[in-house]
Amino acid sequence: VLSPADKANVKAAWDKVGGQAGDYGAEALERMFLSFPTTKTYFPHFDLSHGSAQVKAHGKKVGDALSNAAGHLDDLPGALSALSDLHAYKLRVDPVNFKLLSHCLLVTLASHHAAEFTPAVHASLDKFLASVGTVLTSKYR
């Protein structure tokens, strides 16, 4: 559960991300594919090379979804319901992959916003991404 301080940290961090959410999403996907090659199996139809238009487009979807979630911290299940359905019923993504992508997102955010990435912000963003992952995997049961 996100505390009021966590919510404030997430909102402040996401305000700094701003219009770069899609770029950060694409960078995090690239990090994930390089660090955890088994994740590539969900994207057999993608050109996974650096700077690929397909990775950038999917990164934008990731960034947009996280921006939506950051704007609805009090109702993540409602904000992410359609995405939860998509990943559980159609794409059938292994839930562990959300944790891997979350880790890569944290690394990406830390690399771009080192000064603002305090231990408290890190903890809040980690809790936020874990909450998003929990919602996205909630319909797997």
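Using the three backbone atoms N, Cα and C, a Cβ is placed for every residue, glycine included.
According to Swiss-Prot, the protein has these features:
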BINDING   H58  O2 binding site
BINDING   H87  heme b binding site
DOMAIN    1-141  domain 'Globin'
MOD_RES   S3  phosphoserine
MOD_RES   K11  N6-succinyllysine
MOD_RES   K16  N6-succinyllysine
MOD_RES   K16  N6-acetyllysine
MOD_RES   Y24  phosphotyrosine
MOD_RES   S35  phosphoserine
MOD_RES   K40  N6-succinyllysine
MOD_RES   S49  phosphoserine
MOD_RES   S102  phosphoserine
MOD_RES   T108  phosphothreonine
MOD_RES   T137  phosphothreonine
MOD_RES   S138  phosphoserine
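Averaged across the domain 'Globin' (1-141), the predicted model reaches a pLDDT of 95.
For T108 (phosphothreonine), the recorded positions whose C-alpha atoms fall inside a 10 Å radius of its own C-alpha are Y24, out of S3, Y24, K40, H58, H87, T137.
Long-range neighbours of H87 (heme b binding site) (same chain, six or more residues apart, CB within less than 8 Å of its CB): V93, L136, T137. The Cα of S49 (phosphoserine) lies closest to that of K40, out of the recorded positions S3, K16, S35, K40, H58. Of all the modified residues listed here (K11, K16, S102, S138), K11 has the Cα closest to the Cα of S3 (phosphoserine). S3 (phosphoserine) carries neither a helix nor a strand DSSP state and counts as coil.
Figure note: comparing Cβ neighbours within 10 Å for the modified residues S3, S102, the maximum is reached by S102. Each of the recorded positions K11, K16, H58 was scored by the number of other CB atoms within 10 Å of its CB, and the largest score is that of H58. Of all the modified residues in the list K11, K40, S102, the shortest Cα-Cα distance to Y24 (phosphotyrosine) is found for S102.
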